[in-house]
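Annotated features in Swiss-Prot:
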{"type": "BINDING", "residues": "C17, C21, C24", "note": "[4Fe-4S] cluster binding site"}
{"type": "BINDING", "residues": "C61, C96, C154, R221", "note": "[2Fe-2S] cluster binding site"}
{"type": "DOMAIN", "residues": "2-228", "note": "domain 'Radical SAM core'"}
Amino acid sequence: MKTIMLCAICSVTQGNCVEDCAYCTQSAKAGADITKFKEKSVQQVVDEAKMAYKNHALGFCLVTSGARLNDKKTDYIASLARAVHKEVPNLMLIACNGMATYEQLCELKNAGIFSYNHNLETSREYFPKICTTHSWDERYQTNLDAKRAGLMLCTGGIYGVGESEADRVSFRASLKELEPFSSPINFFIRSDALRLDQPPLSADEALKIVRETKSALPETRVMIAGGREKILGERQYEIFENGADAIVIGDYLTAKGEKASKDIEELTKRGFSFASICH
């Protein structure tokens, strides 16, 4: 019986991001019709954490919109982490808050954050094609600082944004340098609101990406996140035969995901168990 890790996302601030990431509907430049809000209440976040834990999630990720942390946002995330840790102590708390300083990351670590998620997204060479308002090097440095602060590292990216095979190889080589604890794979889903217009990946290509990622990062938990349901469809649970160790359950940031109950039912039927402790 294979044990897999489930992770849930909690979007605690959403929309109105001034960055121009071509794949992201939260960018104000995209003009996407999404729900926007500044800060969820502490109680709402705690309630979502309790539901995630009830649905067998081990990871619970506190996600903010925007390019980077500032002192106010850092204090907010730290307060959420303390509240969730008090009410649901067995959850592994992850923060995904953009670029950050070493000092800010230390504050999150001290508040009970276990892991920091900041994706490289793609290769250093291709990144300027999909984002011009900040650099790939800034992202890489945040990952280094997260490790230095004692946080476990969660970094991955998005496929199907027009990158070449050489870009994919370069991207995975950069991930390997960072030796992340976990690495999320997202598959791009086209939206009329986005300037990026790329055809969807085939299921075969998506599964090949999973295999190649696990081959490049054998000691890392490979997590399949955005696009799993739409790109893979009925073949989505084949990801585990191809090297995946974890999935995101429930909804994503601005997109609906599979119902957690359906994932749990299908995975249980296939003989999987769910990680309840992080090691």
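Glycine residues also receive a Cβ, built from the backbone N, Cα and C atoms like all the rest.
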Cβ neighbours within the same chain of C96 ([2Fe-2S] cluster binding site) - under 8 Å, at least six residues apart = C61, L62, V63, T64, Y116, N117, H118, C154
Around the recorded [2Fe-2S] cluster site (C61, C96, C154, R221), other residues with Cβ within 8 Å of the Cβ centre, ordered by sequence, are C7, G59, I94, S115, Y116, N117, S182, P184, M223
C17, C21, C24, C61, C154 as binding-site residues, winner by CB count within 10 A = C154
Rounded Cα-Cα span from R221 ([2Fe-2S] cluster binding site) to C21 ([4Fe-4S] cluster binding site), Å = 26
Measuring Cα to Cα, tell me the gap between C24 ([4Fe-4S] cluster binding site) and R221 ([2Fe-2S] cluster binding site) in whole angstrom.
-> 24
Rounded to a whole number, how many Å is the Cα of R221 ([2Fe-2S] cluster binding site) away from the Cα of C17 ([4Fe-4S] cluster binding site)?
-> 29
